[in-house]
Every structure is written in C-alpha cells, then in structure tokens.
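Notes for the one structure printed next.
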C-alpha cells in the first residue's frame with residue numbers, strides 16, 4: 001500500500017501495522033521528562049516565538065500545509081474554565097441539529113480521562129483503538145521518513161550566532177514533536193481522513209502559542225471564562241492571561257466571548273478590534289434564556305457554557321449551512337436536543353458504586369456514591385464545592401449517618417494549599433469531610449496504565465506537595481484529627497482505602513468527592529473499572 005502526501009510518498013509494504021498499545025507507547029515516548037520541562041520553564045517566553053513555526057514545520061513533514069485545514073470548518077475554543085465543556089456542548093448541538101443530512105463532527109479536547117483516544121472524537125464517540133493505531137502509524141511513519149528532509153519553515157527555525165551563522169545543533173525543536181503537538185497533528189489528520197463537516201478544537205494551554213493555533217481561518221472562535229491558571233507560562237495577571245487566550249482570534253473571523261473581568265475584557269476587545277473580528281459578548285444575565293430548557297450537564301456554570309456554545313453553533317450554521325435564525329428567539333429550537341443529550345464525563349459526575357466493578361464489595365444496607373469533578377482552579381473549585389454541597393444533600397435528605405471523604409490531588413505547578421482552601425470551607429457547614437486522602441496521580445500500585453503514563457512530574461515533587469497539603473489542611477481546619485488524613489502513593493490505594501473504610505464504618509452512607517485534577521478523576525474512573533466514554 002502506498003500513502004501519498006504533498007511532499008513525499010512513503011511505502012508501508014512489509015510493515016507490520018501498529019497495534020493500539022504500540023501507538024500509545026510511541027506517543028508516551030514523546031513526553032518530556034521533568035528535568036527538561038524545568039529547563040523550558042526557566043527559558044521563559046523566548047521559547048514561544050518558535051511554537052507556531054515549529055508546528056508548521058511538522059505539518060509539512062506529514063504532508064500538510066496549514067491552509068489545508070480550512071476545509072474542516074473549524075470552531076476554535078480557548079479559555080480557563082469551561083472550554084472543554086463548551087466544546088462538548090457545541091459538538092452536541094451541531095451533531096443533533098435537524099438538517100437534511102446530519103453533520104459529521106470532529107472534537108479534539110484534552111486531557112483524556114481513561115484512554116488517550118478520548119481526546120479525538122468522531123460524532124461524539126472516541127475513535128476506535130484500530131483507528132487510533134492506523135492514523136498514528138500514518139503520522140509516525142511520515143515523521144520518521146522526513147527527519148533529514150528540508151522544508152520551507154526550516155530557515156524560520158534556524159538558530160544563528162552573532163555573525164548570522166546558522167548553528168543547527170542548537171535548534172529548539174526535536175526531530176519528533178512533543179506529546180501534545182503530536183496529538184494535535186494526529187487529530188487534524190484523523191479529521192481530514194474521516195471527512196468531518198466541522199472540527200471543534202479545544203486549546204491545550206493559552207492560545208497564542210498553542211499547537212492548535214496553526215488554524216488560519218476558523219469559522220468562529222470562542223473564549224470561555226478566564227481565571228488564573230498556568231501562571232508560570234501565561235503570566236500572573238488576568239490581562240496577561242487574556243492576551244494569550246485571545247491569541248486565537250483571526251482576522252475578520254467572528255468571536256464569541258463570555259463576559260470577563262474588566263482588565264481581561266479590555267484586552268480581548270482590543271485584540272478583536274486589531275483583527276477587525278466581530279465580537280459577541282455573552283453575559284451571565286442571559287441565563288434566563290435557558291429557562292425550561294434541559295441541559296445534560298449540571299450546574300449554573302454549565303448554563304454559561306451552554307450560552308457560549310449556542311452562540312458558536314449559530315454562527316457556524318449561519319455561515320456554513322446558510323441558516324437564518326429568528327432574532328427574537330435567543331435559543332433556536334434546533335439546539336434543544338443537543339443541549340439535552342450532551343455528556344462530558346469527569347465534570348460534575350455522580351457515580352453510584354453499583355455502576356462500578358466494586359459494586360459487590362459494598363454490604364447490603366449501605367450506600368456509596370462517588371462525586372467526580374476535574375476542577376483545578378480557584379473559580380472552578382468554588383463551583384465544584386457548591387455542586388457537591390447541593391447534589392450530596394439531595395442524595396441524603398436528613399444529612400445524618402453520613403461519612404464524607406475527600407480525595408484530592410493537584411498537578412505540579414498549581415497552588416495546592418490555595419486550591420484546598422476553597423474545599424476547606426465545607427468544614428464549617430453540615431457537609432464536612434471526616435476523612436481526607438491526598439494521593440499521587442499514579443493509577444495503580446505497580447504504576448500507570450499505558451494510556452495514563454506521565455513522565456513529566458518528578459516523584460519528589462509529588463511527595464513534597466502531599467506534605468504541604470497536610471500542613472495546609474491542618475492550618476485551615478484547626479482541630480481536624482490528623483489521624484484522619486491519609487497519604488497514598490496511587491489512586492488504586494485511595495480507592496481501596498475508601499472501600500475498607502466503607503466496610504468498617506458504622507455510617508450507612510458514604511460520599512466520596514474526588515477533585516483537584518482531571519488526571520486524578522480520570523485515574524479514579526480507570527481504577528473503578530469505567531471504560532473510555
């Protein structure tokens with residue numbers, strides 16, 4: 001079989017096709033180790049200017065130019081909070097919109113929860129293991145076969161000395177792209193091969209220098225609520241972060257932006273004006289437009305995300321399907337089905353133990369419910385706290401005879417004690433935790449599953465964070481019994497401890513909140529035996 005690309009032809013004759021496991025192992029080999037990440041962090045903004053040229057370079061090596069992806073009719077979504085949910089809502093609205101021919105949708109998000117193929121979805125479903133392996137083999141083979149070839153963007157990436165002499169061995173980019181860039185290449189290639197009608201791309205980090213920002217002519221861009229996150233990369237103030245997020249805005253292309261703090265909104269408006277990009281602002285007060293409309297995701301914050309998704313969908317349908325909307329109807333009836341059917345695991349997810357592989361380990365007469373939310377910023381943890389308070393109270397009307405467990409972890413680089421402070425506020429309510437577990441993000445005792453392998457965090461950093469979290473919790477919750485704080489080295493141990501506690505506590509209801517990191521939530525779902533969703 002021959003695979004023909006714009007710049008070259010590669011032969012797969014005699015090659016044993018990739019298995020899914022092999023494809024994932026090769027992908028994991030592209031993760032930078034913790035030491036390299038620290039070096040990049042110290043290098044600071046100087047690395048950013050190479051990001052997009054490097055992505056164009058990799059694109060050419062796999063046979064594409066950036067403008068090839070115009071045919072994907074992209075919706076590009078950035079933000080701090082809710083960008084994944086907004087992307088999922090947009091995809092669901094468009095996929096379920098009543099057209100003569102239903103739309104074939106592509107969705108690219110991060111991170112994954114259980115399996116890496118969840119990041120790339122066709123018609124709302126993760127691509128199959130076979131498809132992931134096949135398209136990954138396409139990309140990997142093309143990259144391997146073009147290590148020594150020269151492309152248009154090579155000169156743009158050259159590092160020169162004071163006399164303008166090229167120093168090739170000091171280039172910033174390796175022969176193979178790093179993990180997230182590779183997945184972005186894989187997603188775009190998959191969507192091209194699968195001939196989707198629309199591709200919804202969620203930004204990974206920031207926007208201006210994110211690998212998804214090689215898209216040149218999106219149909220519409222979206223910016224969800226902003227807050228302080230990834231401050232080591234994006235800046236320590238809301239206006240600095242807004243600059244990065246609004247970097248996805250393209251000349252003349254419409255922008256939908258959820259209302260922001262004034263400093264951030266000023267930056268977004270200025271960047272939109274500079275690009276002559278029409279800007280629509282979504283205000284919280286518009287939530288009344290959703291009265292009596294069912295949304296598949298729980299929480300007021302998901303209503304805000306739904307408003308943004310509706311606006312993005314309308315703009316796409318207007319331009320790409322020439323649909324005229326009634327200006328007097330804020331939410332077109334055609335959006336109702338998609339809003340109702342949307343699912344987005346790991347965000348405000350309620351999971352009774354009987355739906356997991358541990359169902360038979362809970363004695364009759366006891367109720368155990370897991371509440372999982374990947375909140376990882378101050379604002380999103382505040383929303384998570386309110387959600388947990390409401391839904392757990394509904395699950396136990398009289399609020400008695402309940403044991404509540406918090407399983408918490410935050411990824412490296414985030415302010416763990418500050419994030420934990422939001423959750424500690426529950427201790428002054430009737431919803432207080434009586435047991436706390438601080439875990440690593442390692443999935444099983446003997447290591448991670450292949451899909452959730454993470455080489456980017458040093459073990460010492462994780463241990464230091466756990467000690468810091470204990471100290472912080474005891475300071476924020478004076479009088480809390482230290483014997484009820486537990487440190488474990490894997491998520492499997494955290495789950496096993498909760499099962500042991502459930503068996504031995506006299507309490508009839510056990511409620512477990514797992515939050516602080518989407519990676520933690522994903523690993524918890526893996527241990528509980530949940531399949532890729």
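Count begins at 1; order follows the chain as displayed.
Glycine is no exception: its Cβ is also placed from the backbone N, Cα and C atoms.
TrEMBL annotations: computationally assigned, not manually curated.
Just so it is clear, the model here is predicted, and its values are computed rather than measured.
For reference, TrEMBL has these:
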BINDING   110, 202, 230  Mg(2+) binding site
BINDING   347, 373  ATP binding site
Reduced DSSP assignment, residue 110 (Mg(2+) binding site): coil
Alpha-carbon spacing, residue 110 (Mg(2+) binding site) to residue 347 (ATP binding site), which is rounded to whole Å: 13
Other CB atoms within 10 A, centred on residue 202 (Mg(2+) binding site): 25
Between residue 347 (ATP binding site) and residue 202 (Mg(2+) binding site), the C-alpha gap once rounded to whole angstrom: 16
Fewest other Cβ within 10 angstroms of its own Cβ, chosen from the binding-site residues 110, 347: 110
Between residue 202 (Mg(2+) binding site) and residue 373 (ATP binding site), the C-alpha gap once rounded to whole angstrom: 19
